[in-house]
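Colleague: Can you read through this structure? Questions will come right after.
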Number of protein chains: 2
Amino acid sequence: METISEARAYEGVQGVYSHSSHTTGCDMTFAVYMPPQAKYGPVPCLWYLSGLTCTHENAMTKAGLQAHAAEFGLAIVFPDTSPRGDKVADDEAYDLGKGAGFYINATEKPWAPHFKMEDYIVKDLRALVQNAFEVLDSHGITGHSMGGHGALTLAMKYPELFRSLSAFAPIANPSQSDWGRKQFKAYLGDNEALWAANDASLLLKEAGWPSDILIDQGAGDQFLELLKPESLAAALAETRTPSTIRMQEGYDHSYYFVSTFGWDHVAWHAERLGA
Amino acid sequence: METISEARAYEGVQGVYSHSSHTTGCDMTFAVYMPPQAKYGPVPCLWYLSGLTCTHENAMTKAGLQAHAAEFGLAIVFPDTSPRGDKVADDEAYDLGKGAGFYINATEKPWAPHFKMEDYIVKDLRALVQNAFEVLDSHGITGHSMGGHGALTLAMKYPELFRSLSAFAPIANPSQSDWGRKQFKAYLGDNEALWAANDASLLLKEAGWPSDILIDQGAGDQFLELLKPESLAAALAETRTPSTIRMQEGYDHSYYFVSTFGWDHVAWHAERLGA
């Protein structure tokens, strides 16, 4: 692991690091915020997965979560959204290839060699974070848009790894959305049965979630037709999953929406992770 | 005035606007955050002046001040840092020309026709904001680096316009710094006596400031030699100006520093502006 930069923030440290990932077969950049409480011992850890076109940097600079992490004593990990580098396949569209890994393991050409973002998060980066930073084995996960999809699906697939779960404007039903069908077809192939295991609304009915879930969604979001919060809302109700899903009047899809409700989410995770 | 974008943030509105400025002779872009309290009547107004290379956008997206403005019920104005457009003179260096207006009125070629950022702020944009937004005639001013210089000098030059004053890591003594001498020579010419009227440490001894001042400065700032906080600290003490100047251990020049102490500054202004 190489340190790219470290800056003091809210008495803690906002760092940016890179490492060579065996899983994605390329160098990966990620950011970690360590709160001041980490000086006195390991702290719980919240994962924030970003949306389409983002890198590790967007939420790190725009979401304002570090203030809340310092208040509650949580670390926050900001991974990148795809493999990177000249060797990695890409597409001209903003929503396929680099910046659009969808937090799944691609099985199809040309994506399969590097687009293993599911394994990257839960294996490579998880192990690295656990070893290199003062974090407890008490992790939560959240994310925005494509990252909200990633948070929901990775938590439900790996409940042994994540104890708390929330999402901001998640792509909630990708197998029924143009933010999902195109990518699942490219990365996973034509067998739609495989898609269901990567669709939060379907996965919830299949696998469930052993704890509770917080979802915030802007009612003025310009991408509501693609996000399909109604599918997730229905699934949460049908499965009787303890949950809070809030349609926030007037808010759009931007980081102003994320930052506005950031405190609520960090507090949610802090309470459940023992921070 | 044209609306470029508006997004809900902390129950208020973060907008970006453009207008044709008579003073700078070009279209100017600026941002305003209006807090939720503005629904019920006009609110006090804080000006945030940005540093070298910035536009209206940097602090708007990275400083996290909107949360505090919504807490206290203040508007925040984020002006650009220079005139813009193909007609406007520029220099290859990052610290001269576009993005480096220094909040002064240039008198020298080729800068004089457009580089009138002092008048732009205190005349054009002030009048526009006062007319187009629900703000009281109760304004404060702050800023970062070159913008801290701008906040200090504009407040001292126009105490009738600004009732409260603070700065983050200001260029505190530009007439004795490479962040200042080069620009003052280019914009104002060789007569160093003219420079003094645009140097906070000198202006304070000449003009004074009728209220109090809050300054935060990272003790780990990579630009301390250029910022020269010691000159301003000495001037504040010599003039017996009510003031708080804090050297913050470990903090650098980044927006993590600004955001960490943003609440303190907004609270400072809110108290003095009657928010």
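The backbone N, Cα and C atoms fix where each Cβ goes, and this holds for glycine too.
What TrEMBL shows for this protein is this:
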type     : residues : note
ACT_SITE : B:Ser145 : active site, charge relay system
ACT_SITE : B:Asp221 : active site, charge relay system
ACT_SITE : B:His253 : active site, charge relay system
Colleague: Just to verify a number: CA distance, B:His253 (active site, charge relay system) to B:Asp221 (active site, charge relay system), in angstrom, no decimals.
Modeller: 5
Colleague: Taking the Cβ of B:Asp221 (active site, charge relay system) as the centre, count every other Cβ atom within 10 Å, in any protein chain shown.
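Modeller: I count 20 other Cβ atoms within 10 Å of it.
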Colleague: Please report the distance from the Cα of B:Asp221 (active site, charge relay system) to the Cα of B:Ser145 (active site, charge relay system), rounded to the nearest angstrom.
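Modeller: One finds 11 Å between the Cα atoms of these residues.
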Colleague: How many other Cβ atoms are found within 10 Å of the Cβ atom of B:His253 (active site, charge relay system), counting all protein chains shown?
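Modeller: Result for B:His253 (active site, charge relay system): 22 other Cβ atoms within 10 Å.
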Colleague: For B:Ser145 (active site, charge relay system), which residues of its chain lie six or more apart in sequence with Cβ-Cβ distance below 8 Å?
Modeller: B:Ser50, B:Gly51, B:Leu52, B:Phe168, B:Ala169, B:Pro170, B:Ile171, B:Phe223, B:Leu227, B:His253
